[in-house]
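Before any comments, here is the structure.
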């Protein structure tokens, strides 16, 4: 597999660390190779800056030191050092538990008092004998242990929880169909072994995924769920330094039950549309879903096996207002498609001047500062999707429809409620709080 599969990626984060080495690399993979080959210290993570192509290998990860925002940086942490649970006998456990099951503090592996150790970092360099953390260098059947700071007790075992084995109370293995949107199991730990925060709690992380706002998403207790169409089920974590993380739930080997062959006309938002229209309502040809040119994107067919992302057909994988596609026009990232409605009111693909879905496009420009703009653009200048104004995820804010009743803060449409320079929105990218929108002034004569 890919070398980066062993790392947990977090965008827009920098961590403060004493032990680091600088390298110049062309990409994240080369930086990961530097981390694997690092001999100055035990490399637990690396930082990569996209503009300067700078690579920093790090002795600490986010669980061990202070983090802060840095727009251009990407943090990659080795998953093995984030696991706070053990698999099997815990030979590869690299967590930070440092007391025994009786609560006695562990002796540092490199020290000789009060006990002279047989297992030291020098003798066993690959056993992860850092600080005084519990480890299992001799593959003891009873799991991780440590020498203790109690002169009367040479060593003792540590109380390390088992990693989630994805087994239900019925004894049947849990698995997910598609991307786990309908997963209702009881896994409640993340990929790195962190315990999930309860959905009805707002600590340590405040969020808008509550039972009140998502009554049909089965947000029970602290079980992993996928209420927002992510790649797989996830949860907020109980660690203050890690807001959320995916859960490790395997994909089912059996195929999901087939509910018809999909619709060839538009009903509702068109999420089940499986027709072959491949041109947008404004006449742009659609880009193939399995290509990244001219527009890079994350809707890769292999990752979303149940979304019908075939060829370059119009689809609605993300709950948009209706089917859409990325276009082959490098200046137009994506557009909606004109799909005939199932109720018989035909919408021709092209040539109709009275298509009702095209009406809002007449107002996709703004006057003055755009405070009177009421269009339906919901994409920022850099192509990011807008966060809904009544949502607090991924960004908490005070620009709500209740507080700004006259600002028309509907859905996730670009608006200017606070007298800024032009319409803007909060973005669905956790690393970018807000951006101005992809709009031009109505009096801009260069607009085509």
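Just so you know, glycine gets a Cβ as well, placed from its N, Cα and C.
As annotated by TrEMBL, disulfide bond applies to 175-252, 196-235, 224-247, 265-342, 286-325, 314-337, 365-442, 386-425, 414-437. Annotation source TrEMBL lists domain 'Apple' at 1-80. Taken from TrEMBL, the feature domain 'Kringle' applies to 84-163, 174-252, 264-342, 364-442.
Known features from TrEMBL, placed on the structure.
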residue	record	Cβ within 10 Å
224	disulfide bond	25
235	disulfide bond	26
247	disulfide bond	25
252	disulfide bond	15
265	disulfide bond	15
314	disulfide bond	25
365	disulfide bond	16
386	disulfide bond	23
414	disulfide bond	25
442	disulfide bond	14
Under 8 Å between C-beta atoms and at least six apart in sequence, can you list the same-chain neighbours of residue 286 (disulfide bond), or say none if there are none?
278, 279, 280, 312, 313, 314, 325, 326, 327, 328, 337
Taking only the Cα atoms, work out how far residue 224 (disulfide bond) lies from residue 265 (disulfide bond), in Å, as a whole number.
34
Starting from each candidate's C-beta and looking 10 angstroms out, tell me which of the disulfide-bonded residues 175, 342, 437 has the most other C-beta atoms.
437
Same-chain residues at least 6 apart in sequence whose Cβ lies under 8 Å from residue 196 (disulfide bond):
188, 189, 190, 222, 223, 224, 235, 236, 237, 238, 247
Identify, in sequence order, the residues in the chain of residue 425 (disulfide bond) that are 6 or more apart from it along the sequence and have a CB within less than 8 Å of its CB; answer 'none' if there are none.
378, 380, 386, 387, 389, 412, 413, 414, 415, 434, 435, 437
Integer Å distance between the CA atoms belonging to residue 265 (disulfide bond) and residue 442 (disulfide bond):
35
How long is the line from the C-alpha of residue 342 (disulfide bond) to the C-alpha of residue 365 (disulfide bond), rounded to the nearest angstrom?
32
Per-region confidence, the domain 'Kringle' (174-252) (mean pLDDT, whole number):
87
Within 10 Å of the Cβ of residue 337 (disulfide bond), how many other Cβ atoms can be counted across all chains shown?
27
How many Å lie between the Cα of residue 365 (disulfide bond) and the Cα of residue 175 (disulfide bond)?
47
Whole-number Å distance between the CA of residue 265 (disulfide bond) and the CA of residue 252 (disulfide bond)?
30
Near residue 325 (disulfide bond), how many other Cβ atoms are within 10 Å of its Cβ?
26
Across the domain 'Kringle' (174-252), what are the DSSP residue counts per state (helix, strand, coil)?
0 helix, 13 strand, 66 coil
Residues in the domain 'Kringle' (84-163) grouped by DSSP into helix, strand and remaining coil:
0 helix, 13 strand, 67 coil
